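Peer 1: Mind looking over this structure? Questions follow.
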Amino acid sequence: MVIDTSALVAMLSDEPDAERFEAAVEADHIRLMSTASYLETALVIEARFGEPGGRELDLWLHRAAVDLVAVHADQADAARAAYRTYGKGRHRAGLNYGDCFSYGLAKISGQPLLFKGEDFQHTDIATVALP
């Protein structure tokens with residue numbers, strides 16, 4: 001699976017559906033995250049919880065054995081195409097900059113996307129069904 005910022009923020013913020021996201025992560029042995037999404041997640045978490053939140057993020061990623069995938073040209077191209085098709089102001093999915101990197105990694109890896117919200121369900125990307 002590819003983990004989007006929205007899912008990881010839900011888990012680290014202990015939102016009501018956090019356990020469902022955690023169960024989905026535990027059920028899949030492939031756990032990928034774009035380094036662009038990692039930065040986006042760190043910015044959100046540290047804005048909410050300060051540097052201790054950032055340390056908790058890094059610890060969570062380590063314990064969950066999430067593979068941070070560097071942004072290369074193929075991921076960037078897929079992200080760019082996602083914005084062209086599904087970007088905010090262009091399509092009802094309304095993908096933002098960070099969303100496009102999650103989409104791009106899911107597209108090039110062939111892995112389903114774990115996310116919170118309704119944006120990605122309006123795209124052609126495979127998604128993770130929550131337990």
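Placement of Cβ uses the backbone N, Cα and C atoms for every residue, glycine included.
Pulled from Swiss-Prot, these are the listed features:
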BINDING   Asp4, Asp99  Mg(2+) binding site
DOMAIN    1-129  domain 'PINc'
Peer 1: In terms of DSSP three-state secondary structure, what is the assignment for Asp99 (Mg(2+) binding site)?
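Peer 2: Helix, per DSSP.
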Peer 1: Would you mind splitting the domain 'PINc' (1-129) into helix, strand and coil residue counts from DSSP?
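Peer 2: Taking each residue of the domain 'PINc' (1-129) in turn, the totals are 77 helix, 13 strand, 39 coil.
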Peer 1: Write out the long-range same-chain contacts of Asp4 (Mg(2+) binding site), meaning residues 6 or more apart in sequence whose Cβ is under 8 Å from its Cβ.
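Peer 2: Once residues fewer than 6 apart are set aside, Asp4 (Mg(2+) binding site) is near Ser37, Asp99, Ser102, Leu113, Leu114, Phe115, Lys116, Phe120.
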